[in-house]
Amino acid sequence: MLPGWHSIASLVKRIDIPIVASTTPAEIAEMQQDAWPEAGKYGLGWVYFSVILLAISTIIRFYHLWGDQIRIALHKEDMAGTSPYVTSPQEEYELPSAATDSSTTHFFPARGPLPSTNTTKQQSSISTIAPLNNTIAFVRWIFYRPIPVLRIGKLRIGFPSLGASSIILAALIFVTLYSFVPQPLYYSSISIGSPPLAIRAGMIAVAMIPWIIALSTRANFVSILTGISHERLNVLHRWAGYLCLFLSLIHMVPFYVTPIWESTNFMYYQQYFPRNIYIYGTGWAALVPLIVLCLHSLPILRAWMYELFKLVHLPLSIIFLAMIFWHSKNFLASWDYLWATVAIWMLSYAVRLFYVNWSNPLRLSFLIGEECAVTILPQNAIKVTVATQMKWKPGQFVYLRMPGISLFERHPFTISSLCSGDFPSEYGENYRDLALVFRPFGGFTRNVFLKTFEYGPYKTWTAFLEGPYGGMKRDMAAFDDVVFFAGGSGITATASHLLNLIKKMRDRKAVTRSVRVVWAFRSPETIDWFREELRICRDFAPPNTVHCHFFLTGLEPHGQDQLAQNQFYQEMLRDKMYNTLEGMDKRNSAYIREEAAGDPEIEKELRRENEDAITALPLAHTLPHINTSRHYTSPMDNNYQHAPYPAPHVSPADTPFNFGFPPSSTVFPKLTTRVGTVPLQRNGWRIDYARPNIPQVLKDYSRTFGRRTCVFVCGPPSMRVEVSKAVAQLQQVVMTDSSKDEIFLHAENYNV
């Protein structure tokens, strides 16, 4: 055997130092402290930590899923014994003399006993356990609250949600303690073995890599088990990468504290390795890509050079993984974690083939994509309509690539249309119109706007879709009350949920009895984006179930001279919307013909039922009403008085449905409807001219909440923060009121 062979072998292995005849008893005793063969347990420690978190999240997900399905099933069972013509989940108060064959509820029924006042619905036994519901409410009271933004001069630093931050903090504490608490941190000499601290940190870092990749992929097992979509897991992906860098630095530093070149075995190291390679070259080869990956994923840098980030992130990740293979040399079964990483990565890409619209050979879009039309909406918004055989659920999003706009760019957009047989595409019964609505800001969206402006709305484009991804992990139909908050283009994530919920309510498949929509936008033209969807909600929702509250925030006074003029404009615009909605309470004739499907007898019956509704007497002229609602603080001076104007001579049948917004700057006087009897409770549409006072709005709504309420918000960060704080505060109602079981919050990402 060559001289010094044992020393060279020990340096090659770097850490597994064999016991030979020359090893002293003191060195043997020191080597047994946190021995090298047992160091693999530190990688398993991180695996156990991650699996426990995954198991808890999965159990919570399936607990809620089970409870939601049981409540919906019990509701269907209750509805099976009632008349299919009763469509309103709330009472409709009518006078006894106004009864018709279409009436549903009376103060005094014509025959039989008085109706029972006991309307308690069946509930899932496990979902009504008060201590469990109170515990969940207490956890939400804590974790629904957002972390305040840190301001350092002009720099604003945002943090993840409190729940995500708690997981990140727990992981940081775990890996730090697991690295530094076991002893020893160093050996007396690196000739005995590599520093135990470095080995512990290195094994934990390697064990984290499969989880980092799993949290980054679009189709991953974490989303399948927990119901949390990949875009929400991305924050954990980034912070897990930062923790991996933190552990890699801990792994590196001890090798410089006890450097190999101070050992007597350094000369043998030089004999075994080429002299032109740095001693720790393989470690630096893996560390540098990791540093770059973490730095350019910082929010401030990623937003500044997003296109570059997308271009280099994947290649850098592949280089990093290859360098880790080279550096670790399969010590302590480290390659098991790395091969698991490769398997997760490849499996994700294989599964993604089922998410693209051009990979199915049974579809006409196979390898060529699908046609789409692009329309410019008011306020320069863009609507892309793709006729596709793809199926999706409300609130999901897709990645859109249009080679005619940009060959390789792919961007996520929320689907604003409903995938239902009630809304077939003109391409055929097997197709549905997938609608994407977004504002042009820069890059891809700006190019879409410019190309559409250049070629016009009649040009068709090729679209390649990937998805759908995301969506809610809870079923809205299992909640008694649903409240939607939307800010500006955030209505895109709300529209499909609203249509789907109304459809289920009409089909008697939803527990929901009340739906409230609060939409804040700057310009009246914004409502044109979803004019047809709102018309459907008003015409087809069960009576007295959908209430829409619009907040027009774009009317800001610019001086004292405009104060009175803006106030007058507000009052007139509000009144016109009221009158439009009141004057169109009947079912639209076009929908009657569509529902009759060409059968004259059914159409005749539907029109007769429509005429049975209580109608209003002619309109009267009164002074404009000044709104004094406490839902907002108006910046206008309410002391300004206006004089009545003559009524315009416009036929209601010739007036297009415009939700109260005039097509020009002409304003109209208030027209108040007088009725000859007590009407049904169908007035649920309202508009105000200020920013919504969200805490007060939710507080007022909470007085009529049922046992379970869902609050959905999609809007700018300020709106999400206000809604989160308000819902967190309302958890006290659940903990103190036995008639309330749950107030659930779902906050949608405004940028997707």
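Keep in mind that glycine also has a Cβ here, set from the backbone N, Cα and C atoms.
Sequence annotations record features per position, and here Swiss-Prot assigns heme 1 binding site to HIS237, HIS313. For HIS237 (heme 1 binding site), the number of other Cβ atoms no farther than 10 Å from its own Cβ, over all displayed protein chains, is 19.
The heme 2 binding site annotation in Swiss-Prot covers HIS251, HIS327. Sequence-distant contacts (6 or more apart, same chain, Cβ under 8 Å) of HIS327 (heme 2 binding site) comprise THR282, GLY283, ALA285, ALA286.
Sequence-distant contacts of TYR469 (NADP(+) binding site), defined as residues of its own chain at least six apart whose C-beta falls under 8 angstroms from its C-beta, comprise ARG218, SER229, HIS230, GLU231, TYR355, GLN396, PHE397, VAL398, TYR399, PRO412. DSSP assigns TYR469 (NADP(+) binding site) to a strand in the three-state reduction. Taken from Swiss-Prot, the feature NADP(+) binding site applies to GLY467, PRO468, TYR469, GLY470, CYS714, GLY715, supported by sequence analysis.
Summarising the annotation, Swiss-Prot assigns domain 'Ferric oxidoreductase' to 201-348.
Annotation comment: Swiss-Prot describes ASN118 (among others) as N-linked glycosylation site, evidence class sequence analysis.
The Cβ of ASN133 (N-linked glycosylation site) has 19 other Cβ atoms within 10 Å, all protein chains considered. Taken from Swiss-Prot, the feature N-linked glycosylation site applies to ASN133 (among others), supported by sequence analysis.
Annotation source Swiss-Prot lists N-linked glycosylation site at ASN357 (among others). Long-range Cβ proximity for ASN357 (N-linked glycosylation site), meaning a same-chain Cβ under 8 A and a gap of 6 or more residues, is found for ARG363, SER365, GLY369, GLU370, THR388, GLN389, MET390, PHE464, LEU465, GLU466.
Annotated N-linked glycosylation site per Swiss-Prot: ASN627 (among others), in sequence order, evidence recorded as sequence analysis.
Per Swiss-Prot, transmembrane segment is recorded for 40-60 (among others).
What Swiss-Prot records for 157-177 (among others) is transmembrane segment.
Annotation comment: Swiss-Prot describes 195-215 (among others) as transmembrane segment, evidence class sequence analysis. Under 8 Å from some Cβ of the transmembrane segment (195-215) lie the Cβ atoms of residues 15, 33-34, 36, 39-40, 42-47, 50, 175, 178-180, 182-187, 221-222, 230, 233-234, 236-237, 240-241, 243-244, 247-248, 250-255, 257-258, 317, 321, 324, 328, 332, 334, 337-338, 340-341, 344-345, 348, all in the same chain and six or more residues away from its ends.
Tertiary proximity for the transmembrane segment (241-261) is limited to same-chain residues at least six positions away from its ends with a CB under 8 Å from its CB atoms, namely 11, 168, 171-172, 175, 179, 185-187, 189-190, 194-195, 197-199, 201-202, 204-205, 208-209, 212, 269, 279-280, 283, 286-287, 290-291, 293-294, 297. The feature transmembrane segment is assigned by Swiss-Prot to 241-261 (among others), with sequence analysis given as support.
If you look at the transmembrane segment (281-301), the same-chain residues 6 or more away from its ends with a CB under 8 A from one of its CBs are 158, 238, 241-242, 244-245, 248, 251-252, 255, 308-309, 312-313, 316-317, 319-320, 323-324, 326-327. Annotation comment: Swiss-Prot describes 281-301 (among others) as transmembrane segment.
Beyond the transmembrane segment (306-326), the same-chain residues lying 6 or more positions past its ends with a Cβ under 8 Å from any Cβ of the stretch are 206, 209, 213, 282, 285-286, 289-290, 292-293, 296-297, 335, 338, 341-342, 409, 443. Residues annotated as transmembrane segment in Swiss-Prot, with sequence analysis given as evidence: 306-326 (among others).
The list of residues near the transmembrane segment (331-351) in space but at least 6 beyond its ends in sequence, with Cβ under 8 angstroms from a Cβ of it, reads 13-16, 36, 39-40, 43, 199, 203, 206-207, 209-210, 213-214, 217-221, 321, 324-325. Taken from Swiss-Prot, the feature transmembrane segment applies to 331-351 (among others).
Taken from Swiss-Prot, the feature transmembrane segment applies to 482-502 (among others).
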Integer Cα-Cα distance in angstrom, GLY715 (NADP(+) binding site) to HIS237 (heme 1 binding site): 24
Proximal residue to HIS251 (heme 2 binding site) among binding-site residues HIS237, GLY467, PRO468, GLY470, CYS714 (C-alpha distance): HIS237
Using Cα positions only, nearest of the recorded positions to PRO468 (NADP(+) binding site) (ASN133, HIS237, HIS313): HIS237
Cβ-Cβ neighbours of HIS313 (heme 1 binding site) (radius 10 Å): 15
Cβ-Cβ neighbours of HIS251 (heme 2 binding site) (radius 10 Å): 24
Neighbour count (Cβ, 10 Å) for GLY467 (NADP(+) binding site): 21
Collapsed DSSP category at CYS714 (NADP(+) binding site): strand
